[in-house]
Structure formats: structure tokens, C-alpha cells
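Asker: Starting off with a structure, shown below.
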Amino acid sequence: VLLLAIVSLVKSDQICIGYHANNSTEQVDTIMEKNVTVTHAQDILEKTHNGKLCDLDGVKPLILRDCSVAGWLLGNPMCDEFINVPEWSYIVERASPANDLCYPGDFNDYEELKHLLSRINHFEKIQIFPKSSWPNHEASSGVSSACPYQGRSSFFRNVVWLIKKNSAYPTIKRSYNNTNQEDLLVLWGIHHPNDAAEQTKLYQNPTTYISVGTSTLNQRLVPKIATRSKVNGQSGRMEFFWTILKPNDAINFESNGNFIAPEYAYKIVKKGDSAIMKSELEYGNCNTKCQTPMGAINSSMPFHNIHPLTIGECPKYVKSNRLVLATGLRNSPQREIRRKKRGLFGAIAGFIEGGWQGMVDGWYGYHHSNEQGSGYAADKESTQKAIDGVTNKVNSIIDKMNTQFEAVGREFNNLERRIENLNKKMEDGFLDVWTYNAELLVLMENERTLDFHDSNVKNLYDKVRLQLRDNAKELGNGCFEFYHKCDNECMESVKNGTYDYPHYSEEARLNREEISGVKLESIGTYQILSIYSTVASSLALAIMV
């Protein structure tokens, strides 16, 4: 009787609820655990670049090569290739360009000018004071061996070094009205001689000044005559200045010596997002949507760890080395125990103890076994809802991190080192916060994703349990054992939620009562084991005899 009962139980029809498993070794971290193996994961941290300078959305960068921004704007003779430049997407300057201020000196508010350039995409150079407009001064003699061109002394192309003429330097009074609709970048300078002899040799007047005025600027400069060490063979120095002249405003110059006059000015014809990048890279004849000083990034990932300074549509920079988002389930593949004919599997195939590698068309589903055979079937509805939810997860993370901290790579002069240090600390602090937020968000979302999948499996289990009620027995491993015959049509009704409980309840009741009559517990577990042991021993003894 006991043997018949056991055989009867083994041959009962079953349906199990389970989840997908595969050979994935992808691992994620959660708030509670590290290195959780999952069926599917998505790396959301871009770590690669192409190592090249590329066009940005089809617009070429302005790569200054051996020229600095100052050398380009003033017109260092060695930077003639940049006399007229087309629209640029961003500007690239080397860390220590060779062709800077060929005549030694300073560029006043240079760092602020560079910051201004990070919002400009195109200049149009226009002539405001032609060399021929200085009849009472030498406009071509102001050259220096410090600025050579083709083996001869030369000077910056966009400004004019005015020298005395016929032993006289008449006072200059010149104005320029900006009749353009665009802002105008105007450059000028002052020469600081080495000694009084050089002062009178060049400008005749021993005491000189330069006055510059606009509606917003009131400047008066005087030369600083001093003995200095030679740089580029020069003991003198030059100091350059700039201003933005608004439309309908005028700039007025007055000077009786030492004046470096503007010949050309820059009309700002296009403003937009740009940047000045410090990079030694070469142009790669490529196109990108995101550029860094290390190279271009072509990625749809929400984060990157390549360089904090970027230009274009870029992922958000974080200091993390790893950000992996769980999109699938916990991956714990379980071997199935199959019978030769019907493929019936045992308790270890349940969702509590392991996932199914045989179910490949969904995340959650069923495995059934009856007289007609056995097989897997994904639950398409719950799987699709889960896919939709997880698909939106990356977008959700992007939305939650949609404010990019702007690391513009600002520069500071020597007098602003404390400000620079403070600025760097603030930038580092912001980046630390962004990194912490990104890492914490990923940990939390991974926890939620895995809990979400667990909940979906439980919901599917409860859906079956509530339909079958006492027409089947819960085996405790995600499987139900029917107390009645359940053919393929019956199995399908359980899966789609249309199972007819009353139709099968009488057959189930009779089988349930029959099984109850031979319950193992009526004999006792230890007695059953004892009987089995005795029978096995007797059989072994008989074989030996």
C-alpha cells in the first residue's frame, strides 16, 4: 500500500512557478549585498574614449597647435595660419604653447578673456585703425627681433607699435564708434621701456600716458621704466588690455607715447557653448557629440569617468570606477532532475531554490508536467510589465541626475592662487557629491530591482495558489501537485487565470481523501525508514544467497 501511494504521488500532475536563469556572471552591488550575480546587467559608466580631437556635431575645433590664445588674438607672426578662422566648436590650446607673447610682458585679465571665449563660436576680424591712418607717427618701424618672421624682425599682426616720427610724437586722439549690431573685442597695449634713454629714443617725450575710455571703462596708463632681465633678448615689457565694446558705444584713445594701438578688432558674430581645452592631442578627422581633453566619447551611458572637463552632449562625470545597474534577476541556475520519459523535475527546480535555464522567452513563468508531457512557458504579461519597468530605470536615473556640474576649466592668474585653490576644492567637493549620489542611487535602484523581481515571482505564485486552492497541494518549492488530472488545456487555464475550480473540485476531493488514508505520518517517519532499511537489507541478503 505504501509503495502504491508513493508511485501515485510521483505520477501526479504538477505545475511550478519559477524564474529565468542563465550562464551570466554579471555582478552588481546593492545596499545590502556586494557582488550579487544577476541574469542581466547594464554598465552605465563609460570608461573609454578614442584619444582624438573630433568635430563636435559637424563643426571643427580651433586647434591652436603651438600658439596660445594670446598669440592668436594679438597676431604672433608664428600664428599666421590663424589670421582668419572659421566657426569653431571649441578651442584647443597646449599646456605650454611655444608661440605666446613673443615680446615679453603680460595680458591683463587674460583668464577672464579665456572664460569669455568659452561662450563664443565665431569671430569676424575687422579693421578699425589702418596703419595708414597714423601719418604723424611711424606705424611700420615698431618691430622687434623677439617676434621674428622669415628671419627678420616683425611684430604682432593685429596691433601697431607707434614710434616717433621726425623726432616728434604728437598727442594722439582717436575714437572708434561701434556701428555694428554685434559686440566688439578691442585689444591695445602699452610699452614699458628698459630705461629713460630708450623712452626718448622711441617716443621723444620723457613723460607719457595712455587714456582709454568707453561708456563703462575709464583707464589711464603710464609706462613703468625699470631695468629688467632680458627675455627673448628684450629688457622692455609690453602689457596688453582688452574690452568688449557694445553696439552704439565708442572707444576713445589719447596718448603721447608708448601706445600699442589696435589695428584690428574682433566682431563677435556667434555666441554659444564652447570651451578652451588644454590638450596635446591631434585632430582625428572624426565627429562626436562629446569631447574631452583625453579624447572623444561616443556613448549613450549616463555617466563617465574620463575627464571632468567636457564639451557637448556628454554623460555626467563621476569619480567612480564601476557603476553597474541590475536589469535582470538574481542568477542562481538550478539543475533540473528529469525522468526519462516525462521530464518531471523535483523540488530543487522551484523558484525558492533556483532559476530555470530552460525558460528563455521570459523572466517569469511556469513549468508543467502531466501525462501529455512537460514544458516551460513564460508568463508574457508579468514579463512585459517588468521589462517596461526596467527599461525606464536608466531614464529615471538620468532624470534624477539631470543637473550637470559645470567644470569649465577656469584659469587664475598668479595673484589669485588662493581663489584657484578654493575653486578647486569646491569643484572637487561637487564632484565628490555627484559621485556619491550616483553610487548611492545605483545601489538603491539595484536593491529595488531585485526586490521587484522577487515580488513579481511571488505575485505569480499567489495567482496560481488562489486559483487552485485545495485542488492542489503546495510542495513548498514553488510547485503545486494536483489532486486531479490536469491535461494541457487545464494547465493553460491555470496560466491564463481561467482555471475552473468547481469543475475539478470533486475529483480532487476524492483523490485527496484517498491519499489521506495512507498518509506517511500515520506510521511515522522513523518507522518508514526502518521498514525501508529492513526491506533493503533483506533484498541484499537474498541476492547474496
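Using the three backbone atoms N, Cα and C, a Cβ is placed for every residue, glycine included.
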Asker: Candidates are C67, C102. Which one does Swiss-Prot pair with C79 through a disulfide bond?
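Answerer: Going by Swiss-Prot, C79 is disulfide-bonded to C67.
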Asker: Between C479, C490, which residue forms the disulfide that Swiss-Prot gives for C486?
Answerer: C490
Asker: Going by Swiss-Prot, tell me which one of C286, C290 is disulfide-bonded to C314.
Answerer: C290
Asker: Based on Cβ atoms within 10 Å, give me the single least packed residue among the disulfide-bonded residues C54, C79, C286, C290, C486.
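Answerer: Each of the disulfide-bonded residues C54, C79, C286, C290, C486 was scored by Cβ atoms within 10 Å; lowest is C286.
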Asker: Pull out the recorded positions from the set N22, C54, C147, N177, N298, N496 whose C-alpha sits within 10 Å of the C-alpha of C290 (disulfide bond).
Answerer: C54, N298
Asker: Just give me the nearest neighbour of C79 (disulfide bond) among the recorded positions C286, N298, C486, Cα to Cα.
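Answerer: Spatially nearest to C79 (disulfide bond) by Cα position is C286.
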Asker: Whole-number Å only: compute the distance from the Cα of N35 (N-linked glycosylation site) to the Cα of C67 (disulfide bond).
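Answerer: Cα-Cα, rounded: 50 Å.
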Asker: To which of the glycosylation sites N22, N177, N496 does the lowest count of other Cβ atoms within 10 Å belong?
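Answerer: Across N22, N177, N496, these glycosylation sites, the one with fewest Cβ atoms within 10 Å is N496.
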Asker: Measuring Cα to Cα, how many Å separate C54 (disulfide bond) from N298 (N-linked glycosylation site)?
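Answerer: For C54 (disulfide bond) versus N298 (N-linked glycosylation site), the Cα atoms are 11 Å apart.
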Asker: At a 10 A cut-off on CB-CB distances, which of the glycosylation sites N23, N35, N298 has the highest count?
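Answerer: Buried the deepest by this measure is N298.
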Asker: So, three-state DSSP: helix, strand or coil for C314 (disulfide bond)?
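Answerer: SS state of C314 (disulfide bond) = coil.
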